[in-house]
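Peer 1: This is the structure, below, for whatever I ask next.
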Amino acid sequence: MDISSVYSSSALFFSKFSKLICKVFNSKYAGVSVINGTGGFDTISFCSPTQEYENFSFSLKKTSQNIVYYDDINQVFINKDIIKKYQLKSYMEIPLRDTNDIYIGDIVLFGDESLNPNILDTNILTFIVNRTSIEIEKKRVSDELIIAKNLLNQSPSCSCLVNKQGIIIRKIGAFYDRLLGYQIGDNIMKFDKKNEIKQVFDKVCFDNNNIIGEITITKENGDNYPAEIFAKEIGDSQGNSNGIMIILRDISDQITLKEMNTELQNKSELEQKRNLELMEARDQAVAATKIKSQFLATISHEIRTPLNGVIGMAEMLLKTSPLNTEQHDIAETIFGSGELLLSITSDILDFSKIEASRLELEMIEFDFIGCLEGIAKTIGVSINNKPIEIVTLFDPDIPHRLVGDPNRLVQIMLNMGTNAVKYTEKGHIIFKVSVLSRKHNWCKVKIGIEDSGIGIKEEQRKHLFEPFHQIDASTTRKYGGSGLGLAISSKLAKLMGGSVLLEKSTPGVGSLFSVTLEFEEIGPDTLSTIFPDKIFSQNKSVIIVDNYDVTRPLMEKKFSHLIGGNIYGVKEDVVKEFFGFIHNGKSDPNNPSSNIDFLDINPKIKHFFDPTLSAIIVCNRFMDDVDTSSKYVKEFLEYYPKKVIVALSINQCNFKLLPPKRDFLIIKKPISSTSLIKILNLINENSPNSPANPLLSPANGKRSTTPKKEKYDFNVSPMRIDLNISGSSPKLNIYSGSSDEDDSYSLNLANIELINDPISTTISEKDQERNNKINEIEKINQQNKKEKEKENLEKKQLIQDQKNSPQNQLQVKAKEKPRILLVDDNAVNRKVVKLQLKKLGYECDTATNGFEGFEKQKEFNYDLIFMDLNMPECDGSTASKLIRSWEETNNYVNRVSIVGLSATYLHGSKDYCKSMGMDDFVVKPIKLDPLGQLVKKYLDSHNLQSIPKDFI
């Protein structure tokens, strides 16, 4: 057997060797297998006598590491697929061992029939096994060298072997040329500019040390870079030196990374230092904010406390003392100045709370239309003697009832309206209200505020909504104010889902602001649906006499929206022409349209002869003479004695110029929805076929009282806005009119108040019949009332029996009239509240601190206690807890109502007072009317043996 020709490579050797083995052993297949890492075997060659096949892996049921022969391959071979593929029947293995006598694999033979094992006795077997083992070891070493070379090539370093003189005798690694660039035979000292390599060689050659260090390499092209060097002398097995192995690694990136890490660490330390500074600054800011809030609360308390005395005493002076004109003017000035100072204080507190994001909205149901008309009424009163016309115009689809914060709405609109009044010397202020969008029971409302004031220059507009900014900030400025109104309004509008914008402004002409707000709608009612049925007025006509070109078309639209029918707006010259026409005898009052040639007269005069004419409204504007306007009204009444309703629309200031006794209707401006309702009712009543007044029908849900007179002046106050401050914002107090005021034409709107000016006249048979029906209803109601009173008396008697029980007989004393206790350490406050209560018809005792109040309550068992929160020795909250504890210990049936008083308002004050056992909380100063409502509420609750659950 000749195998000398198989030395060219291991792969070729094993292939030719396996083919020869097949021939020698007369086997179908033969090959060489080695042990793999899983306990099985991998063939490194597998051949037939003439062909090489693909290598495969296989497993044996047992391994003997000896020469083994199996006639049936299935006895030992596991891989059935290989048996089937090559149709194998017999199997034979001859073990192979390396130079250390370690089992490394087998020579394997496969046959399709039984093999001849006698060949194993030949001398060739030893040669075959030894040669095969050597070739396997050579292959293993070769594979390891290839792996090592690949690893070195992948390493980002270069290696070279130099002799002790520094001559490069071998270079290793794919990065060699890139990192070093020198060739075999070059002296490595050539790139040692700083003798660093020489020092390394000296240590390696003479000190016999392994060296690791950092040096600077100069490449053949002259480039420099920092490198890490490892140097070690290596030798053969006999200890002879083969040279010095040098490994170089470029550490430029490492140094850069190190520098970046150092820089990052420095930045991190700087950032940490800054963060510490920011945390300190934040803590200081939080502390400053807390101090600021506490300061504002304290200064609010300190300012409101004396203001309570100023405003309260001024109000009492105005309402109780007989003053001459000069004294009354002085008292009004004191009262107004106190209100102004209180308003400025409230603005500052509101702005502070908004800036600190601590202001919350109070979401309640309210009458949107009445609220805005009340604001317009309030602004109309505030214009004093300025010749300014105020008009409100609502789109017909404006919702009636909404859910939102009416107090903040009032605050925004009062700020906008008073600003318009401040910067308008004469002309008009128009409020236009429309719905921008509706979605899922929510609506966005737009309120336009147009004035004819001084306007705003372009350069001033960008600062308009900044706090403390004034349009005129000079030392000689004409207009006062804190500069917070627009800033607060803008921020409040954002809280309410809207905005405040300046849409246009022309210096010397005026400005147009818009306020958009979001509300939730309650029910389907709109302005057009809450009015009485207009079927009887749609075929009627109304004339509006208005000399002001700006307001006349607005009044036409307002009347058209709400009343219907034909609305004609004319100027004074048309009225003069009309009266000139009739004074010349060209018209018969009993039949105005008879014998008139309408072709020869002014077309506008024709409206006065329209048979459907039902009402004439004479608008007295700022440029008109009051006497002239009154004269026109009287002449209209003379010409239309019964058929046409005639009214004079006049502002608050000019109203005072009218004679106290007059025989015509008055509509005070700004004209409200209530005024138009009354006009519509009168038109319907004058209609020959009109039914009963729809406002008085049972469907309206409200029983009317018998009117004292048939005609009334329309001193309409859609909503009286009390500028008392609840918290730090204007409190919206709604009053329904006093008991002596007739409400026979009041709509089912809780915020409408009619103040009547009776005129002597006879009552028609129709009205008398209506009044008789109403009286019958009143009798039924009186009977129901008596039954209810009887039920209440029985209830009170039951409670009195409980009071007279042995355990309560000593605790509860009979009370002939309500007993009120005021606990306050401030003498002025005690004096003001005591005078106010006296004015309301109540007497009260006083105490100067909580302990004294507690002792008095134990002794006298009061019905109502006004408890100041901030007092020396014992504050209001402590005193309230003492009282509640005493009541619980002694099993009181009827506990006293306690109302907290304070000149300080902070977020959560109401909840705090409730947690301390109080029933309510109000902010000083408190005015007379709200105080009266408060006392009545809790005294009524006390008498019914019930405790109020909600704060007002």
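Counting begins at 1 with the first residue displayed.
Glycine residues also receive a Cβ, built from the backbone N, Cα and C atoms like all the rest.
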Peer 1: Of 249-269, 690-710, which span is tagged region 'Disordered' by TrEMBL?
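Peer 2: In TrEMBL, residues 690-710 carry the label region 'Disordered'.
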Peer 1: I want to check the contact list for D868 (4-aspartylphosphate): same chain, sequence separation of six or more, C-beta distance under 8 angstroms. What comes out?
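Peer 2: Within the chain, D868 (4-aspartylphosphate) has Cβ neighbours under 8 Å at V823, D824, D825, N826, N829, G876, G900, L901, S902.
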Peer 1: Averaged over the domain 'Response regulatory' (819-939), what pLDDT does the prediction give?
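Peer 2: That region's mean pLDDT is 87.
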Peer 1: Take the domain 'Response regulatory' (819-939) and count its residues per DSSP category (helix H/G/I, strand E/B, coil), listing them in that order.
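Peer 2: Output for the domain 'Response regulatory' (819-939) reads 57 helix, 23 strand, 41 coil.
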